[in-house]
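Just below is one structure, and these are the notes that go with it.
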Amino acid sequence: MTVKKLYFIPAGRCMLDHSSVNSALTPGKLLNLPVWCYLLETEEGPILVDTGMPESAVNNEGLFNGTFVEGQILPKMTEEDRIVNILKRVGYEPDDLLYIISSHLHFDHAGGNGAFTNTPIIVQRTEYEAALHREEYMKECILPHLNYKIIEGDYEVVPGVQLLYTPGHSPGHQSLFIETEQSGSVLLTIDASYTKENFEDEVPFAGFDPELALSSIKRLKEVVKKEKPIIFFGHDIEQEKSCRVFPEYI
């Protein structure tokens, strides 16, 4: 079985210090990075990967003022970038979705999770537990009343949608390997690799455990060597220029 359609859906932008993309750089320059959600149309039903930024980020570039990342992260989010409004544009309500896949629970990937009170949210156990107590996680991203489906390690969501455990950027990050009807195999690294340079040249970037992150990149390289998928990175400005976005699909 394969995924009928894989949509790339823009979900706002985020100004991030360039030292977060390349740890060797001196902090002080901000990059304007894309924030993505991904919609998978499968035989079993629609699956959403990540939910963008929280409502508290709408028109609020100073969201992180007074925190340890003040001046290093500036969300650029409008009302249109709220996940419920994104879903309306693609023809769905929150309860229409089969699953939410949370690649990890950082603010720009799980900020909209609270809109899904019934839909199962698939997350790694190590990520869920880290988000309960580590300071880099916002409370909007680890709400207690949601329908979490806690997994451990690699996991097949439905035929053609495989989660790959890629910790390092965060304690329980997961990437996706997808078999699509139109384009063949696709690897979504998400934040296991922000950019092509992080992946191909193993340029270190921001994260929980740099050595573990490098191990995950090496693991994904083995997947690429064997399966030869199309690769999409988590926040690559250059790759963004050639991405086909909704309503186009791959």
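Using N, Cα and C of the backbone, Cβ positions are placed for all residues, glycine too.
If you look up Swiss-Prot, you'll see HIS104, HIS106, HIS169, ASP191 marked as Zn(2+) 1 binding site. Taken from Swiss-Prot, the feature Zn(2+) 2 binding site applies to ASP108, HIS109, ASP191, HIS235.
Close to ASP108 (Zn(2+) 2 binding site) in the fold, though at least 6 residues off in sequence, lie CYS14, VAL35, GLY52, MET53, PRO75, each with a CB less than 8 Å from its CB. HIS104 (Zn(2+) 1 binding site) falls outside any helix or strand according to DSSP and counts as coil. Using HIS235 (Zn(2+) 2 binding site) as the reference Cα, a 10 A cut-off selects ASP191 from the binding-site residues HIS104, HIS106, HIS169, ASP191.
Reduced to three states, the DSSP call for HIS109 (Zn(2+) 2 binding site) is helix. HIS169 (Zn(2+) 1 binding site) falls outside any helix or strand according to DSSP and counts as coil. Cβ atoms within 8 Å of the centroid of the Cβ atoms of HIS104, HIS106, HIS169, ASP191 (the Zn(2+) 1 site) belong to the same-chain residues SER103, LEU105, HIS109, SER170, HIS173, ILE190, ALA192, GLY207, GLY234, site residues excluded.
Sequence-distant neighbours of HIS104 (Zn(2+) 1 binding site) (same chain, 6+ residues apart, CB-CB distance under 8 A): ALA110, VAL123, GLN124, GLU127, HIS169, SER170, GLY172, HIS173, GLN174, ILE190, ASP191.
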